[in-house]
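Participant: Feature table excerpt (TrEMBL):
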type     : residues : note
TRANSMEM : 20-41    : transmembrane segment
TRANSMEM : 101-122  : transmembrane segment
TRANSMEM : 255-275  : transmembrane segment
REGION   : 334-354  : region 'Disordered'
């Protein structure tokens with residue numbers, strides 16, 4: 001029994017063709033939207049590539065760009081088919097191409113659904129990418145005189161100000177690295193010497209943070225240095241008092257920013273996928289309803305359209321049988337080639353008569 005079998009007369013076929021023509025051109029605009037989202041995401045990732053690990057993948061934005069281009073091409077082609085289906089003479093030239101085209105549409109929709117899922121699942125890979133990239137960026141914060149790294153201080157400062165964050169996981173991350181350049185340290189000072197000697201790696205570590213970690217909405221002047229020294233500040237206890245520094249780490253801030261963006265994109269792509277699926281189903285009904293016309297010379301006669309010629313179970317069984325036949329055919333061919341090789345390898349015996 002055919003799946004979703006419907007009866008069509010000429011009026012219904014014309015309405016279906018016209019509706020599909022309009023839907024296909026709407027899908028072209030949806031493809032442009034998908035392309036634009038991929039391009040926007042790629043630009044946003046490029047903006048902060050300095051604080052992302054080199055292993056950061058642009059698979060999702062590149063996939064969105066590709067899907068957008070394919071969507072425009074596929075739906076533009078389908079729109080032409082739907083327009084020509086109104087004229088039986090013009091539609092005749094498209095008949096041999098419809099089945100391969102519908103098979104390609106199935107593959108395209110599967111890929112589109114996969115890309116939508118990747119938008120929701122990219123958070124994990126992005127988390128590790130940001131964690132390592134921010135860690136490296138903070139290490140290079142002091143290298144303002146090093147070619148290739150001199151921009152890192154400005155990048156980190158602007159990032160912390162824009163996203164209202166501090167450090168990788170929090171402000172205490174700055175306590176573990178030397179973020180002040182040796183150029184601005186007085187090595188004749190006893191305090192500087194003591195701090196360097198007290199560290200195994202010979203680094204100048206302080207319980208301070210860059211100015212960009214300060215929260216300007218705090219009523220108290222920013223406590224940027226000696227953050228953990230209660231005696232250095234009047235009426236201050238860093239363990240109980242709400243610090244006037246950003247408490248959220250930049251990894252979390254950036255992760256939330258990109259995750260929210262990609263979740264929204266994933267939802268939009270799922271809607272586009274549902275629309276594309278409905279267009280593909282409609283095109284299949286139009287294809288079968290035109291092919292099943294009993295009398296091609298009488299375009300007004302009724303016909304039947306369906307999604308699958310048989311039920312899902314029978315279609316699945318038929319597909320499995322075809323795969324088995326294909327496998328057996330390949331085995332027979334391989335066996336035949338082997339037999340021919342053995343025969344060719346035999347050398348005829350030569351007898352000499354003396």
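Note: Cβ is positioned from N, Cα and C throughout, glycine not excepted.
I'd like to know what surrounds each of these features in this structure.
Facilitator: For the transmembrane segment (20-41), the residues of the chain that approach it from at least six positions outside its boundaries are 60-72, 75-76, 78-79, 82-83, 261-262, 265, 268-269, 272, 275-276, 278-279, 282-283, 286, judged by C-beta separation under 8 angstroms.
Listed by sequence, the residues of this chain that lie at least six past the ends of the transmembrane segment (101-122) yet keep a Cβ under 8 A from its Cβ atoms are 59-60, 63-64, 67, 70-71, 74, 77-78, 81, 258-259, 262-263, 265-266, 269-270, 272-273, 276-277, 280, 283-284, 287.
Within the same chain, residues 23, 26-27, 30-31, 33-34, 37, 41, 44-45, 60, 64, 67, 71, 109, 112-113, 115-117, 119-120, 122-123, 126-127, 130, 163 sit at least 6 positions outside the transmembrane segment (255-275) and bring their C-beta atoms closer than 8 Å to a C-beta of that stretch.
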